[in-house]
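Copied from TrEMBL, the annotated features are:
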ACT_SITE  Glu112  active site, proton acceptor
BINDING   His111, His115, Glu134  Zn(2+) binding site
DOMAIN    39-256  domain 'Peptidase M1 membrane alanine aminopeptidase'
DOMAIN    336-648  domain 'ERAP1-like C-terminal'
SITE      Tyr197  site 'Transition state stabilizer'
Amino acid sequence: MSTYIIACVVGEFDHIETTSDNVCIRVYTPLGKGEMGRFALDCAAKILPYYKGYFGSAYPLPKLDLIAIPDFASGAMENWGLVTFRETCILVDPVNTSTARRQFCAQVVGHELAHMWFGNLVTMEWWTHLWLNEGYAEFAMYLSTDYLFPHYKIWMQFVSECYMGALATDSLRTSHPIEVPVSNPSEVDEIFDGISYDKGACVIRMLHEFLGHEAFKRGMNLYLKRHQFGNTFTEDLWAALEESSGRPVRDVMSTWTRQTGYPVVRVSERREGTTRIITASQRRCLADGKPDADDQMWMVPLSFSSSQSPSETIHKVILSERTTEVRLENIGPDDWVKLNPGAVGFYRVQYPPEMLEQFKSAIATKVMPALDRNSLVDDLFALVQAGDSSTVDFLRLARSFVDEDEFTVWSCLLSSLRRLWPLLQHTEMLEPFHAYCRQLLRTIHKRLGWQQREGEGHMTTLLRPMVIAHLVSFNDQPTLAEAERLFRAHQEGTGTLHADLRSAAYRAVLKRGGKAEFDMMLKLYREAEMLEEKNRIAHALGSIPDPELLTSVLEFALSDEVRAQESVFVMISVSANRLGHELTWDFYKRNCQILCDRYKGRLLAQLVKSLTEDFTTEERALEVEQFFVEHPHPGAERSILQSLETIRLNAAWLQRDRQGLSEYLAQCQ
């Protein structure tokens, strides 16, 4: 048993319990909150036998305890037999927990229980191989959530939750390989990041598709059986999967785990009758668009779909050289061809304008599957950032999505639009940009309305609050007014504000409010018993449009009223306010030592990155750089470097596209 997974908890807790597969499972909660552990208990009781079947071995201990810890920096920790959780990652209230939070709790339980096999039963030899723990647990989390709640369509959400964030992070020059050498204790915290977790899970998903389900599962079972109660290197996993599949796993996958980054595949096409000849070439995908000095290459599993069968893969091939030609037969003159259907391969695709043009009607009519609409948006936006396309081209394509109704597609599209906000927040383009976004969201908002409908799908239930929250951010006055009306009715007892809408409603009230609304929200915060509700209110406080009150929010964040693990997100909420960005950075500089002593590790790195990466000038980059030279942050060095890289990307992007974007937004008025 590894020393890092030993835990002992002493305190007064309520608990509920059940037995599953001859294992006693208990959920421990703060006093009086026992029934809020019921959802997690039910999930755990079903996941244990599911994992036993999938992993080919039973959970080896006689008991499994899950416990909600009031003050806990991590989301959760997989101590063997005693899994510790932050309250908001395990406690579910039938009325006051939002749909998104309920889903998140199911995912966290699935992730931590996967560690009972990947991490605990079999442990990585050294931190270099951390991804064997975290990447596999992340992948298994989606397996278990899909098993428990198939209506969540969680593998569609994987692309917007996990895949796209990993692509964005890994396009930075300051990223790192999945297998990253670790020689100093301060480096350990740094690699618990989106590369080890999300890219790790994406590469495993790609490998699962490459090998096929049965061969992948046999290899995984062989790996666990062969190395149980022992330590492994990444090569041990490749050996087991090669044995089960007969495929060259080591040769293919070492290009994905030992190199930083991933490729962008540039394509062009020509026609010979009904034969479509696709030329595909690879180069490293970099956010700055500049050539890669290392001249890297990957073994890229290319796949193709066409408008004849948009949901089917019609051809597969490994791109092992710089360039290859692929011949696709029986493709009509008006048919489109798309690479990477389902967004399974961990790469981007750059299409020429004429191929992109062919996709527009398939997007508008939704003939193209949602995950492919997703990847088109995300790939084009990445190419915009790199300077290979213009922001105006992206905004024109985005208008093809005016009738879109899929949660995952909107999640991707709105994430891209949010990425433009830092560039425009201190320019004359901000309000025209908001107007463009409001117009884009108008149709879907009208279709969704404000209230859940009986029998609506889970993804629709997730989409509604996301659309409303963004309309609040984009200063849509009818939305702000209705959100405030619903809030007032809820407070007066004449109506009910659904938990899904509370975050947006609280922000709307504060966005139009002053001292009275601020004091009212603080009162509600102090009266709230449920931590999720406290967090909703605390994170909304940064929306107040008053610099003096924003300063009060920052001071409140460091007070004893806010739990240490949550105060980071309160400060980030202030920084996200155009009026609060500078205030928060100044506050951080004044309180740097206090914050370093308080957080350390991943929370500190997240705070530093969030407060600095939205600056948009070289002068700001130099200021941030000098500050951290004078005030070193052990364990956050990589996040600081990534922030500096992002600031400089922002500066180049704004300078490059400012005039064209200004003219386009003016025409949209």
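Note that the numbers count up from 1, one per residue, in the order the chain is shown.
For all residues, glycine too, the Cβ spot is worked out from N, Cα and C.
Listed in sequence order, Leu66, Ala76, Met77, Glu78, Val83, Phe85, Ala137 are the same-chain residues six or more apart from the residue listed as 'active site, proton acceptor' with CB atoms under 8 A from its CB. Here Glu134 (Zn(2+) binding site) comes close to Phe192, Ser196, Tyr197, Gly200: these same-chain residues lie at least six apart in sequence, with C-beta atoms under 8 angstroms from its C-beta.
For the recorded site, Tyr197 (site 'Transition state stabilizer'), the DSSP three-state label reads helix.
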